[in-house]
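Here the structure comes first, spelled out in structure tokens, and everything after it is commentary.
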Amino acid sequence: FINFLKNYNNPNLTVSFSAERSIEDEISRESQSDIGTVLISYIVMFVYISIALGHIQSCRRLLVDSKISLGIAGILIVLSSVACSVGIFSYFGIPLTLIVIEVIPFLVLAIGVDNIFIIVQTLQRDECLQGETLDKQIGRVLGDVAPSMFLSSFSETVAFFLGTLSTMPAVRTFSLFAGMAVLIDFILQVTCFVSLLGLDIKRQERNRLDILCCIKSNEEMSGVQRSESILFLFFKNLYSPYLLKDWMRPIVIAVFVGILSFSTAVIHNVEIGLDQSLSMPGDSYVMDYFSQLSKYLHAGPPVYFVLEEGHNYTSLEGQNMVCGGMGCNNDSLVQQVFNAAEIGSYTRIGYAPSSWIDDYFDWVKPQSSCCRVYNTTGQFCNASVTDPSCTRCRPLTQEGKQRPQGKDFMTFLPMFLSDNPNPKCGKGGHAAYSSAVNFINNKSDVGATYFMTYHTVLKTSADFIDAMKKARVLADNITETMGIKEKNYRVFPYSVFYVFYEQYLTIVHDAVFNLCISLGSIFLVTTVLLGFEVWAAVVVSITIAMIIINMFGVMWLWGISLNAVSLVNLVMSCGIAVEFCSHVTRAFTVSTKGSRVERAEEALSHMGSSVFSGITLTKFGGIVVLAFSKSQIFKIFYFRMYLAMVLLGATHGLIFLPVLLSYIGPPVNKAKTRTAQERTRGTERERLLYF
């Protein structure tokens, strides 16, 4: 059908068309067209990671000090965790969705790369103790940073797994795959990646080239020297002291509170739904169909009011509850739909319904020439047949002119539904109603039936959602007035677009539920893993909640609607926000400085550069590439939301959170202070902390 219409050509006709499978086909085609853009995005991130991990001492040692092979290994570990998650759930028959394929690698790369940068950069800044072997040094460094990594990864894992409580299939599937991928990624990083890191340092100590490790460099160097990156020195000497000055901190709090107030004020104005045209490629034939539909048609999609099995159509009372002609109830099904069509601008019902039962009554009347049977066989005789043996179904008596009831009703109804309209009888029901009536019990009873009408012209997602809501309200009212609620059958509406828009009736509830579950689980896990530092967990939760609320503010400003795709991104932003907040907060809780301001400065100095280079710069490079996507859905729901996610996460985690901790951070834990002093005695970390 689609191929025929695509190839049809007539200079006098322009045909716009769509089939029920068209939207799904075109979304699939669009996804495939953006594979190149997504691959370039990931390649940009891979290149940055591979280069940024190395600390080059001199140009002559470029190929020795670089960590391209380690960066590639780290990326492969991240991708392996995604593959493991997909494999595990595919084994149990849980289907993979397009959102999972497009979103989870981005999420796990953000979380995984951050941990990689923290391990590598902390080790690069560390100085080996006298008589300490490499494996013991790595173990000591891992003992310092692994709790922070475990805190963030376990918080995210629990938050995602609890997200499977959602009733939305897209969110539930994403949460399952994401939770497992993050968990496996953490396990591989503290085992496999740490082992690879040790091998890479041994290669560097032996002056062997990166990647080409069999080749030895002529540039000799005694061991791997401790090094501090320019970014680390910037955070330590310039950024942290300046941000936490007494006059700067109130300004930061005021600005972020103002932004939060704005986002809270506009959160209810975020649109709900997904414009179908956004999910279509620009050259799609469906785009022409949508355009012509809203431009020329005066009727919207057909809507069917279905009366479920159980109603008695053979009794006069049962007929009066449904029909719309003479003698029918004023609040009958057909009459209520007709009344709704009279105020179509409100109800979104465009026309009076097509009523099979009213047309059947007109067809079976003896005054018409429609209902005839052969007097010899009793079989149906079409009105176009000229045969003297064809006689009226019912006599021209007063009783015959009444509506058929009981056995008569069921005798002639199959004839009506098989009769094709013709010039002598236009009421034949085969064309209009052949599928409107379902027979049961060997055609001795009527089962479910429908009454069809049309919605008014619907153009936007808000129109479609409102039309579905109003149709359901009308159907519920019909069920109520017919008094059939307690009889275990009802009236319900159906239109072909309902399957796409039904999710939006509960999406606000689903969004609140999922985000609250995520925040609650992050609070509980953070509380436990920080040694029951409840106040520190409160500060982390407040910051993450601010990021989420501000995400809604960005969605309103940037025209991003709330739907399954954006809700998955919001749930994912909870996970990425943990990465921006938890490392700095834990560094604050284990800091042994005297005042809150000094502890916040030390935490930001120690973790800020790793978080900034690990997530912010990595993601920023990959996100910018998505701006060049051909697809509108990629530009809006991935480029815009990912960019907002990273920028809001970075500004809250690296600007607002340290300032908030400097005001209301938890007090110094003396037990942790003594433990930290023992662990860091004689190391670079001790000099950073105490001098």
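Every residue gets a Cβ built from N, Cα and C, even glycine.
Values in this document were obtained by computation on a predicted structure and should not be read as measured data.
Copied over from TrEMBL:
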- 34-199: domain 'SSD' (DOMAIN)
- 35-56: transmembrane segment (TRANSMEM)
- 68-92: transmembrane segment (TRANSMEM)
- 98-120: transmembrane segment (TRANSMEM)
- 141-162: transmembrane segment (TRANSMEM)
- 174-199: transmembrane segment (TRANSMEM)
- 511-530: transmembrane segment (TRANSMEM)
- 537-558: transmembrane segment (TRANSMEM)
- 564-582: transmembrane segment (TRANSMEM)
- 603-629: transmembrane segment (TRANSMEM)
- 641-664: transmembrane segment (TRANSMEM)
Which of 98-120, 174-199, 603-629 contacts the transmembrane segment (564-582) most, counting Cβ pairs under 8 Å: 98-120
Whether the transmembrane segment (98-120) meets the transmembrane segment (35-56): three or more C-beta pairs under 8 angstroms: yes
Closest-packing stretch to the transmembrane segment (603-629), where packing means Cβ pairs under 8 Å, from 35-56, 68-92, 141-162, 511-530, 537-558: 35-56
Among the ranges 68-92, 141-162, 641-664, the one whose Cβ pairs under 8 Å to the transmembrane segment (511-530) are most numerous: 141-162
Positions on the same chain near the transmembrane segment (141-162), where near means CB under 8 A and six or more residues out: 111, 114-115, 118-119, 122-123, 126, 175-176, 178-179, 182-183, 185-186, 189-190, 194, 517-518, 520-522, 524-526, 529-530, 571, 574-575, 578-579, 582-583, 586-587, 607, 679-680, 685
